[in-house]
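Presented below is the structure to which this report refers.
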Ligand code: NAD
Ligand code: UDX
């Protein structure tokens, strides 16, 4: 029986390994982590992450060929294939701070693998890492190997949160990079055989190591670039009376462009896009390519601009001040169908409104009060460092309260900001909400999910990203 061990039981390691276990009953899969609460949660009825379909997959395999454990060394020692799916956050200090990937967790995992191994192993980079990381990992492993043979493969993960299980069941492609040596090719085949249990062969792409590593950064940069492009257009739409939904539909109909990832929004969030683009920018700078670095930096700049543009619009529309006004925030997660708040645009929007002394009442169906308070008190980039792997008691932001119902959040509010596209926000009783709000009552739709015309009929003043502005908003211009 082939044994797989995955180091890192997070958003990638947990679902990916659960699906491998489900699709490959002949393989024993152990997912290990240094976080005791995280492993305890994977072994309980309350999984540590919310992901549609995940619970079902875990329940089918857990205790049969899928195990979650904190005994990292034992499972690594016994494995034939070791996936490393630890976090690779942006560095907060020292050389490259604010841009470069922090490979501390990766390096410590690699040193531990070298330390405890007693048999040959394939080591798979599942985390997103800078191009050429495999070379560094190879050096760590071979210099400490005691004669054991390690083959390094790059097998980046392309799943998106909220659709992780579907993405894993039917991936657009699986990418495997390895060395062009007989041992390297043998390792590629071994990993390909795992995926071939359920992924059609033509969807498994094999490349050299550096192409695989760079393709992951490139794919995320391209996806984020589309969002920044449409968001940049959304600002121009508001200035000219064009409608961004119509523009992106017309543009996306070009089969060379395609319709996906062209939804204007308050900005992209999530743990990957910003981190990976900053990393790409840093790699370009280190390789003497400042023009290329500058090009990709602009994707982040437009994203930041979009978030501050939204805050300015809220404040400007409400007579240029939100001091002491109640603002209801609907949605805090970085997208629907996840409880994940990493780099969510809601953090910057809420901080911007708090900076203008607003009082916020926040509701999200999947995010806890603790998490929201922690996010609003944390420094940029601090969220993905070990201090935060364990639960900590947050410093409370006094102007913020968190409630468990959209009606409670909007009661007595002066304005409503929709920051996540949860389906339930589309079908709220907006007449009831209007009746219980202060007047004039505002809705700022950061995801273009409400029917603005219907809301205007009720009496709301409505701002929708990239849509023609009504008279009120035109009279209260927001300076970006
Ligand atoms: P995560 O923070 O949810 O999980 C990482 C886990 O690794 C944590 O539970 C942490 O405790 C554990 N860990 C860290 N060091 C360890 C060590 N030395 N030994 C054992 N466990 C250790 O992160 P994630 O979202 O799963 O992302 C993991 C990687 O995958 C990152 O490089 C990320 O960029 C990449 N990625 C993420 C996504 C996504 O949607 N989240 C998608 C594709 C790729
Ligand atoms: C992303 C990539 O899609 C995935 O392939 C990679 O493995 C990890 O990073 P994820 O961050 O989980 O996945 O979600 P994604 O669906 O890409 O959304 C990212 C952000 O962009 C969200 O905040 C989402 O709301 C926003 N978005 C997405 C838009 O604003 N407009 C769009 O058209 C699409």
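Just so you know, glycine gets a Cβ as well, placed from its N, Cα and C.
Taken from TrEMBL, the feature active site, nucleophile applies to 272. Per TrEMBL, the feature NAD(+) binding site maps to 8-13, 33, 38, 86-90, 127-128, 161, 272-275, 342. Per TrEMBL, domain 'UDP-glucose/GDP-mannose dehydrogenase C-terminal' is recorded for 328-452.
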DSSP-derived structure type at residue 274 (NAD(+) binding site), helix or strand or else coil: helix
List of residues, in chain order, with Cβ under 8 A from that of residue 274 (NAD(+) binding site) and at least 6 apart: 90, 224, 268, 300, 303, 343
Distance-selected binding-site residues near ligand 2 (C-beta under 6 Å), from 11, 33, 87, 161: 161
The domain 'UDP-glucose/GDP-mannose dehydrogenase C-terminal' (328-452): DSSP-derived helix, strand, coil residue counts: 41 helix, 19 strand, 65 coil
Cβ neighbour count (within 10 Å, all chains shown) around residue 8 (NAD(+) binding site): 28
Local confidence of the prediction over the domain 'UDP-glucose/GDP-mannose dehydrogenase C-terminal' (328-452), expressed as mean pLDDT: 92
Residue 33 (NAD(+) binding site) to residue 272 (active site, nucleophile) - Cα separation in whole Å: 20
Per DSSP, three-state class assigned to residue 11 (NAD(+) binding site): coil
Listed binding-site residues with Cβ under 6 Å from ligand 1, out of 8, 90, 274: 8
Distance from residue 272 (active site, nucleophile) back to residue 87 (NAD(+) binding site), taken between C-alpha atoms, in Å: 10
Cβ neighbour count within 10 Å of residue 33 (NAD(+) binding site): 24
